[in-house]
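Reading through the structure tokens given below for one structure.
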Amino acid sequence: QSIAQEVVGLFCMVLLTLIALVANTVVMLVILKTPLLRKFIFVCHLCVVDLLSAIFLMPIGIISSSSCFSRVIYSITECKALIFLNICFITASILTISIISVERYYYIVHPMRYEVKMTIRLAVAGVIFIWVKSILITVLALVGWPQGNGATSASRCTVYWSPGAHKKVFVIIFSIVCFVLPTIIIFAVYCRVYQVARMASLQHAPVPAQAAVPRPRANSIASQVTIITTRNLPLPRLIPERFWGSNKAILTLVLIVGQFLCCWLPFFTFHLHSSVAAGMADSGHGEMVVTWIAYSSFAINPFFYGLLNRQIREELARLRRSCLNRPLGQEICLSVSEASVQENFLQFLQ
């Protein structure tokens, strides 16, 4: 590689690491300071996982990818520990994104059922499930690895260092559990969210005054559309024409799903091809590229899953004004129903 390529590559890797560190820290602190912590617990957990990845994985990725650190040597124990962290954090991040997608689905499609069943105990159980599954998959990856006091260079400290049929089995299981199944879940959930948002957009018409009177409602899609429509009536600026609103919803969901696919599809495709195909002797450069495309997810996630939320942005602006010793001005008082994530997400779609 030329010196220019080396400098540009190193600059991009350092920049992504800094963005991941700052963005995840900011979003996590804002969520911890908001009174509606229960509504954002999985987003906060995603920021924690991505922040840990930015602290441990991304600096190690810089050492493994840059020729400036070509003489760095790891012992077998150190290499196994680094691979353990790599697979564990990647799995935890993807599983958290999947759970956030399912949570948003219940926010919008079954809001009353969500309010009843979504408790702190259930959220903690979801977080425990994520870490138990991540650790089990990581332990499976380290079965059959060489033992002893040997050493390897930093650039060779990857899952391909352990040859044999076990590597192929692990990569296939890893790809199915951590990419194929989450992709199916995310795609199916957001397609359903779009259908509900489109139904609300098509039925978004002036409602008589008596429509706002509380009355018994069935827990069905039609009733949820009526609830969402009624709640959004005081916000006429968020009610565009049907065609434009539908296109905005499509664009938003395409961006969310597309960001996930763009970051992780090259990574898992490369690993599947490299483990199944024969004769992949030198795949260091290709692995470096797809690894950093995947690592970019740690820097993008806080923007897609945190800063797009209306209340998080407003709380961040309030904290910024407070830190700059400026008058806070008129604060916007949000009720629990108005500040919930499901309405923020739906309003963003509309």
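Counting starts with 1 at the first residue shown.
The backbone N, Cα and C atoms fix where each Cβ goes, glycine too.
Per TrEMBL, domain 'G-protein coupled receptors family 1 profile' is recorded for 23-305.
Using a Cβ-Cβ cut-off under 8 Å and counting only residues 6 or more beyond its ends in the same chain, the transmembrane segment (6-31) has close neighbours at 37, 40, 43-44, 47-48, 50-51, 53-55, 58-59, 61-62, 65-68, 292, 295-296, 298-299, 301-303, 306-307, 312, 315-316, 319. The transmembrane segment annotation in TrEMBL covers 6-31 (among others).
What TrEMBL records for 40-63 (among others) is transmembrane segment. A Cβ distance under 8 Å defines the sequence-distant neighbours of the transmembrane segment (40-63), meaning residues of its chain 6+ beyond its ends; these are 10, 13-14, 16-17, 20-21, 24-25, 27-28, 31-32, 34, 69, 72, 82, 85-86, 89-90, 92-93, 96-97, 99-100, 103, 120, 123, 126-127, 130, 154, 291-292, 295, 297-299, 301-302, 305-306, 309, 312, 341.
Residues annotated as transmembrane segment in TrEMBL: 83-102 (among others). Counting same-chain residues at least six beyond the ends of the transmembrane segment (83-102), those with a Cβ under 8 angstroms from any Cβ of the stretch are 42-43, 45-46, 49-50, 52-53, 56-57, 60, 126, 130-131, 133-135, 137-138, 141-142, 157-159, 174, 177-179, 181-182, 185-186, 189-190, 260, 264, 294, 297-298, 301, 305.
Distant neighbours of the transmembrane segment (122-145): 38, 41-42, 45, 76, 80, 83-84, 87-89, 91-92, 95-96, 99, 159, 161-162, 164, 166, 170, 173-174, 177-178; these residues of the same chain sit at least 6 beyond its ends, with a Cβ under 8 Å from one of its Cβ atoms. Residues or ranges marked as transmembrane segment by TrEMBL: 122-145 (among others).
The transmembrane segment annotation in TrEMBL covers 169-191 (among others). Residues 87, 90-91, 94-95, 97-98, 101-102, 104-105, 133, 137, 140-141, 159, 253, 256-257, 260-261, 264-265, 268, 271-272, 274-276 of the same chain sit 6 or more residues outside the transmembrane segment (169-191) yet have a Cβ under 8 Å from a Cβ within it.
Sequence annotations record features per position, and here TrEMBL assigns transmembrane segment to 249-269 (among others). Within the same chain, residues 94, 97, 174-175, 178-179, 183, 186-187, 190-191, 193-194, 197-198, 201, 289-291, 293-294, 296-297, 300, 304, 348-350 sit at least 6 positions outside the transmembrane segment (249-269) and bring their C-beta atoms closer than 8 Å to a C-beta of that stretch.
The transmembrane segment annotation in TrEMBL covers 289-308 (among others). Within its own chain, the transmembrane segment (289-308) is flanked in space by residues 12-13, 16-17, 19-20, 23-24, 26-27, 30-31, 43, 46-47, 50, 53-54, 57-58, 61, 65, 90, 93, 97, 100, 255-256, 259-260, 262-264, 266-267, 269-271, 316, 348, which lie at least six positions past its ends and keep a Cβ under 8 Å from the stretch.
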